[in-house]
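Copied over from TrEMBL:
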{"type": "TRANSMEM", "residues": "A:12-35", "note": "transmembrane segment"}
{"type": "TRANSMEM", "residues": "A:47-73", "note": "transmembrane segment"}
{"type": "TRANSMEM", "residues": "A:94-112", "note": "transmembrane segment"}
{"type": "TRANSMEM", "residues": "A:139-159", "note": "transmembrane segment"}
{"type": "TRANSMEM", "residues": "A:187-211", "note": "transmembrane segment"}
{"type": "TRANSMEM", "residues": "A:217-250", "note": "transmembrane segment"}
{"type": "TRANSMEM", "residues": "A:295-313", "note": "transmembrane segment"}
C-alpha cells in the first residue's frame, strides 16, 4: 500500500512533466495545424540555458530567465522559419521542424559538448519532504508537482478567462473573422508558438537536474511526447493531461513491480518449454515488466490507433 | 510545358520524341553501362565499399520516395522495413540446409517479402490518413520495433545484433561472392532491377493515383478510388523495396544491429531523399549519391559534419523545397531557350564568392570548436591542408576576412544574377 503511494507520486511527477511538453505542443498544433517536431529540442534548450544561467545567477534566476529566452527563440523560429515554409504545405512544415530538431542537437553539442552537464537541484530544496514507510520523497519532486500544476492552472486561466485568451480561442476556429475584426492573427500565431516553446523550456529547466542535462535528452523524450498527444487525441488539452498521467503511471508502475511473463503464461495454463534457451519463444517467456516499461506507451498508442483512431479525447480524425 | 512540346513540331527534340520508342530506354542503358565500368575507374577497395553503400542507399531512398514524393506520406520510421528485411536475410544465411539450396542473388527477394509483410500489417492501420497523423504513427511504430530489438533477442540479437556468412549459399554460376567486387555487381544488378521496377510502378495507374491522392484525396475519392487503399498499396510496395535494400545491406556487411532499425537511420534516409528532391524520380538517386559521399568523405574530415548537414537541410527546406533535382530542373526553361550559357558568368561571380564565404565561415566554426573543445595545451589544428595555432589572432582575422569578403561579393553580385536569370528565362523578343 505504501509502495503504491510512492509510485503514484513518482508517476505524477513524470506525467506532469510530460504534460508540460504536450500542453505546449497541443496548443501549437490546434492553433496552426503544425506539429512541432522540435518541441523536445526546446525543452533541451531550456535545461541548457538554465544550467548556464545558474552558474552565474543561481537556479531561481535560471527558472525565470531560461523559459523567456526559449520562448523568444521559438517565436523567432515561427517568424523567420515556419511562416516561410508554411506556403509549401504541412509535410514540408513537419520536415522543417524535424531538421530543426537535428540542428538544435548539433548546436548544443557544438557549444556544450557531448557530456552530461553538472546541473544540480538548488540547495534549498535538497532535503526530504516526508517519507512513506521508509521511502523518502525529496522536496524537489513536490516542488516539480506544484510548479507544473501552477502553470497548468495559469494557462487555463489565461485561455478561458482573459481577453487575450478569448482572442486566441477565437483565432483557433475563425482566423479570418478574427483578422477582419482588426486583430493581428500572424502575431497571435507567433505569440502562441513562443508560449508553447516557453512551456517546453520550463519543463526543461525543472527536469534538467533530475533527468540529466545531456545532448540526447530531447531524443529520449521527443517521441514519447508525440505518442502522448496521439493517445490523448490531437488538439485536446484535457486529452493531453489524461494521456500524460496515464503514461507516467503505467511506466512507473511497470518498473516498480517485477511482473514476469513466465508467471502470467503459466497461470494461463501454458507449460514452459524445456530447455528454454533453445525455444524460438524464449524471449516471450523471459520478458519482465521493467524491461518493457519504456515501450508500453508505444504499444498503447498502436492499440488506441486500431480501436479508437481519434485518440481518447479527440473529436476529429485531425 | 508538355503542351508546348506536343504542339511545336518544328523543334528537333519533338520529332525525335514522337519518332523513336527507344528514347526512354537511353538513361537506363547509360546507367547500366556506368555501373559496369565504375569499378574499373575506382579500383580501390574503399571506393567499392562506398559504391556498394551508395547503391543500397539509392534503392532505399527510391523506396522512401514512393511514400514521401509520390504518395505524400511522411514516414519517420521507414528504417524498420529495411532493417527487418535485412535481419530476415541474415537468419536465412544462418539456416544451413535451406541457404545451401538457394543462390545468393535471390536472397533480396526474401528480404523484400519480409519488408512487405511487415508493411502490410502496419499499413493496415497507419494509412487511414496521410500527413501529420501518418507521420506520428510511423514514428511510434518505428520506435516500438526498434525498442523490440533489445527485447526480442531471438530475432534481433540484442545489443550486438546478428551476423551471418554470405558464402554458404549455393554458388551462382560458379561465383561464390567471396570478393567485394562480386558483391558490387550483385548489388548493381539489383539496383537496376529495383529502380526500373519502381519507375514502372510510378507509371502504372496505381502509381498515378498515388499522386492524385497526395494532391487531393477528396477528388480522388470522388473519382471512385479509395484514397486509403491507394496509400496502402504504395506503402506495401515501398516496404518491399525497402526490404530489398535491407537484404543487400545484409549481403554486403553480413551483420545487422539495432542501428539499422532506429530512428536515426529513418531520419537519415529522409534527409537523403529530401536533399535530392522528392519531386522527380531521379531526385532520391542524386540525394543518395551526394549524401553517401558527404557521410563517408566529410565525416572523415570533420567532427562537425552533422552540424553542416543540419544547416544545409534546414536551408533546403526553407528555400529550395524541390531539393537538388528541383534546382537542376529549374534550368530546363533556360536550356530550351538556348540561353543557359548566359548564366555562366553571373553564376561564377555570385556562387563562387558565396562558396568562398561558406568556406571561410566553416573555418571560423572549426576554429571555434577546436578552441573550445580540444584538450588543454593542444593548440594545433589543421584545416584546408594548413596547420596552424588556433590560439593566435592571424588565422581568425584571415578567416573572418574571407567570410566577409565572400558573402559581401555574393550579395553585391546577386542583383546581377537575378537580372541574368530573368533574361535567360524570357524568350527573345518578348517583353518582360
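Placed from the backbone N, Cα and C atoms, the Cβ positions cover glycine too.
Any TrEMBL annotation is an automated prediction that lacks curation.
Using a cut-off of 8 Å between Cβ atoms, the transmembrane segment (A:47-73) and the transmembrane segment (A:295-313) share fewer than three residue pairs, counting only pairs 6 or more apart in sequence. Fewer than three CB pairs closer than 8 A are found between the transmembrane segment (A:94-112) and the transmembrane segment (A:295-313), and contact between the two stretches is not assigned (pairs 6 or more residues apart). Of the recorded ranges A:12-35, A:139-159, A:217-250, A:295-313, the transmembrane segment (A:187-211) has the largest number of C-beta contacts under 8 angstroms with A:12-35. For the transmembrane segment (A:12-35), the partner stretch with the most Cβ pairs below 8 Å, chosen from A:139-159, A:217-250, A:295-313, is A:217-250. Long-range contacts of the transmembrane segment (A:295-313) within the same chain: residues 224, 227-234, 236, 238-239, 242-243, 246-247, 250-251, 254, each at least 6 residues beyond the stretch ends and with a Cβ under 8 Å from a Cβ of the stretch. Residues of the same chain lying 6 or more positions beyond the ends of the transmembrane segment (A:217-250) and with a Cβ under 8 Å from any Cβ of it are 7-8, 11-19, 21-23, 25-27, 29-30, 35, 37, 39-41, 43-44, 47, 101, 104-105, 152, 204, 208, 211, 293, 296-298, 300-301, 304-305, 310-316, 318.
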